[in-house]
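Peer 1: Handing you this structure, nothing more for now.
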Amino acid sequence: MSSGKIVQVIGPVVDVEFSLDQSLPDINNALVVYKNGEAKQKVVLEVALELGDGVIRSIAMESTDGLQRGMEVIDTGKSISVPVGKDTLGRVFNVLGDTIDLEAPFPADAERSGIHKKAPAFDELSTSNEILETGIKVIDLLAPYLKGGKVGLFGGAGVGKTVLIQELIHNIAQEHGGISVFTGVGERTREGNDLYYEMKDSGVIEKTAMVFGQMNEPPGARMRVALTGLTIAEYFRDVEGQDVLLFIDNIFRFTQAGSEVSALLGRMPSAVGYQPTLATEMGQLQERITSTKKGSITSIQAIYVPADDYTDPAPATAFAHLDATTNLERKLTEQGIYPAVDPLASSSSALAPEIVGEEHYEVATEVQHILQRYRELQDIIAILGMDELSDDEKVLVGRARRVQFFLSQNFNVAEQFTGQPGSYVPVAETVRGFKEILEGKHDNLPEEAFRSVGKIEDAIEKAKQLNY
């Protein structure tokens with residue numbers, strides 16, 4: 001193993017000089033610096049650039065506090081490697097694969113795998129037309145998720161992306177019992193902490209591995225932590241032959257960290273200040289998140305939309321890789337409709353009669369049609385009032401409002417805030433409920449009875465409680 005010396009430290013960027021008679025470390029190799037010569041006080045760097053004359057530029061995965069010029073740097077000869085396998089379930093890791101959950105130390109002889117890999121070859125890929133039931137009505141009806149597919153949850157600040165991800169983890173773990181990998185990329189540490197203890201209390205943690213590189217960490221860690229989580233998921237897919245769920249919260253922070261690293265490396269910025277390699281970095285991550293003949297990875301990714309601008313390069317680049325998009329809309333949160341999923345903007349390649357069935361497809365398209373017509377009539381209602389509408393239009397508006405409210409429901413993970421028990425609604429019940437509303441079977445019930453309920457029977461029961 002070759003060794004060099006630190007010649008410059010600029011925040012998270014460390015320049016290291018190797019003597020010319022040694023071979024330079026490869027790009028993406030992990031380098032280690034021992035502060036005060038102690039193994040416990042090590043800092044891991046990743047090679048990013050070769051500057052010439054035996055000098056390389058690296059990005060630190062941890063704080064560079066305490067590093068000085070002249071300190072020895074050792075080339076490990078390989079990329080950052082993290083623990084994989086069944087022992088990772090129930091544990092919490094950082095970007096380097098070190099446990100951070102205060103439980104018993106992780107076995108030193110555990111199998112490890114490098115975080116930099118090639119995407120599966122074209123002939124290894126597999127596709128599936130099987131629907132993944134989430135128990136969330138608006139998703140299952142209008143933008144269903146495919147097993148082994150890629151889903152993006154798009155939304156601005158505070159519209160409910162993380163809560164929706166937490167509910168999906170809860171529902172899929174409770175109902176399907178599959179293995180999950182949760183990757184927190186540049187999000188709030190408090191949310192990660194809450195999620196860990198909630199999963200521990202519900203027993204879901206036993207089938208989940210968690211990886212965090214949160215807001216307070218250097219950009220190198222935030223950029224690479226998504227690869228750490230993906231590496232753990234890939235092992236379950238390729239070696240164990242499992243169907244894995246990979247949750248990433250938040251893909252935008254991955255892009256943001258890449259932008260910071262790019263600026264630190266002195267690259268010329270591209271549109272809106274993003275890194276020129278944005279599409280390449282996103283492609284390298286997303287192409288590895290796929291299903292093969294051995295197993296599948298179904299990924300659900302929260303994607304923050306800066307200033308609610310969907311044309312921003314970060315969310316726009318992610319769009320191209322997704323099978324389904326769930327768009328969260330701020331106007332719906334203002335109306336108290338949760339989850340605030342926009343039923344007209346959300347889409348899925350799985351909403352086709354040959355995949356979901358004729359009845360489901362017809363009900364979904366009719367729901368979209370009635371909501372679109374209601375949206376067109378809203379201007380007339382706002383200016384002239386309901387009295388100017390024809391009788392047919394009044395009936396349509398009434399049903400559309402019932403449909404809009406029925407698309408909302410209480411979440412299990414939000415019970416501590418709302419005081420209302422959450423509901424899991426099977427797809428068949430969802431389709432039946434909306435079909436009955438569209439047929440006018442519940443035109444006599446007040447609109448408010450449909451807000452935040454589960455099955456259609458819950459709406460009928462709520463109407464009785466409203467003394468209707």
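Quick reminder: no glycine exception, Cβ is built from N, Cα and C everywhere.
Sharing the record's features from Swiss-Prot:
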type: BINDING; residues: GLY155, GLY156, ALA157, GLY158, VAL159, GLY160, LYS161, THR162; note: ATP binding site
Peer 1: Quick one: which residues besides GLY155, GLY156, ALA157, GLY158, VAL159, GLY160, LYS161, THR162 have a Cβ within 8 Å of the ATP site's Cβ centroid, in sequence order?
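Peer 2: Neighbours within 8 Å of the Cβ centroid, excluding GLY155, GLY156, ALA157, GLY158, VAL159, GLY160, LYS161, THR162: TYR304, LEU328.
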Peer 1: Below 8 Å Cβ to Cβ and six or more residues apart, same chain only. Which residues does that give for VAL159 (ATP binding site)?
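Peer 2: LEU328, GLU329, ARG330, THR333, ALA340 - these are the non-local Cβ neighbours of VAL159 (ATP binding site), listed in sequence order.
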Peer 1: What does DSSP say about LYS161 (ATP binding site): helix, strand or coil?
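Peer 2: Note: LYS161 (ATP binding site) is helical by DSSP.
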Peer 1: Return the residues near GLY155 (ATP binding site), defined as same-chain residues 6+ apart in sequence whose C-beta is under 8 angstroms from its C-beta, sorted by sequence, else 'none'.
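Peer 2: Those within reach of GLY155 (ATP binding site), by Cβ under 8 Å and sequence separation of 6 or more, are LYS161, ALA302, ILE303, TYR304, VAL305, ASN327, LEU328, GLU329, ARG330, ALA340.
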Peer 1: Determine the Cβ neighbour count for LYS161 (ATP binding site): the number of other Cβ atoms within 10 Å of its Cβ.
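Peer 2: Total other Cβ atoms inside 10 Å, all chains included: 27.
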Peer 1: Find, for the listed binding-site residues GLY156, GLY158, GLY160, the residue with the lowest Cβ contact count at a 10 Å cut-off, counting only other Cβ atoms.
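Peer 2: Relative to the other binding-site residues in GLY156, GLY158, GLY160, GLY158 has the fewest Cβ atoms within 10 Å.
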Peer 1: Minimum Cβ neighbour count within 10 Å among the binding-site residues ALA157, THR162: which residue?
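Peer 2: ALA157, out of the binding-site residues ALA157, THR162, has the fewest neighbouring Cβ atoms within 10 Å.
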Peer 1: Using DSSP with the three-state reduction, classify GLY155 (ATP binding site) as helix, strand or coil.
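Peer 2: Looking at the DSSP assignment, GLY155 (ATP binding site) belongs to a strand.
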